[in-house]
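**Student:** TrEMBL lists 74, 279 with the feature active site. For 56-405, the entry in TrEMBL reads domain 'Peptidase A1'. Under the heading signal peptide, TrEMBL lists 1-18.
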């Protein structure tokens, strides 16, 4: 999910944020957790609607005794966010009851109102979704690893947060520390998890199985070699933007539609280089502006047209499948580059609500105006799960690099699971 309070790519809004890390190893393991050396793997459940993978969520516990929650492991935001027990706007979620935890503290008690620019769906938000939160402290556990005295947000939800299947969000941005009010710093959840448990590696790896409800995993404290093959393409992060905005930001050097470089119809020249946030909590790809969307779809098919005033594009479902093309992004800097390809099979996001027989295409433009990075005003993209699920991804905040490998497992290799709508 794109956290508007942290990464200000848009002219009128901000884009992304920080991270999760935390603490001591437990002797008890849930059935959904497997250990490999010092790393742990947490299984992820895929929320699928029709043919579209919307979100992957896993289980954490909070409090003493532990209360269980399903959360989105979200690289586009910074904090742990959960619904409070007295929330009347949080929908059918598991609510955290602080009165039942002996380790809970209402301190530091800072009031925070986070907002998110992308939600749990492929349909653009009419306005940012948010929450009304207080910063509290308790024990947080992920995959049998524990973080004592972890600060997190206890909230009343609004808008899309109440309607998503996951109970909450665990941010996985790269920052080691952050602030709630611009003054008091705290250790972000993932780094606290790494440091408290003395994990030998601060990396985490994500393996998605597209179209499968189960079988995806996040590996905390390392990677799972059984889930990727061949060499890993290492791509440096954009250090200035990643540090300034606490997000996983890479440089975008060029874009190809099929084998042809994407050009501007206004200038017949290649598009300007840009940057992109890598966001596991977004189910589409956001281009920098409407002109880029027009140029992109002009090279795919003139039959693809705007579907609404919010940045969605599409056409008849059969036509969309027929004209679909793969799109490749050349990313990187300092002589280290990689070509990241979004396969044509991910191009169709499914039928657009209220328009029978019309399907939505993968690439959206921001409704609030051009998205630009705050330092150099370069075009700013958001690469969501449709790109990330094509690879085994390695997230290394210590070295400020990303790794992309060919997945060793394909959906047909997974035993069990199932397809279709995920239970809420």
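For all residues, glycine too, the Cβ spot is worked out from N, Cα and C.
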**Student:** Taking 10 A as the limit, how many CB atoms besides its own sit near the CB of residue 279 (active site)?
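**Tutor:** Within a 10 Å radius of the Cβ of residue 279 (active site) lie 31 other Cβ atoms.
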**Student:** If you count Cβ atoms within 10 Å of the Cβ of residue 74 (active site), leaving out that atom itself, what do you get?
**Tutor:** 31
**Student:** Rounded to the nearest angstrom, how far is the Cα of residue 74 (active site) from the Cα of residue 279 (active site)?
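**Tutor:** Approximately 7 Å lies between the Cα of residue 279 (active site) and that of residue 74 (active site).
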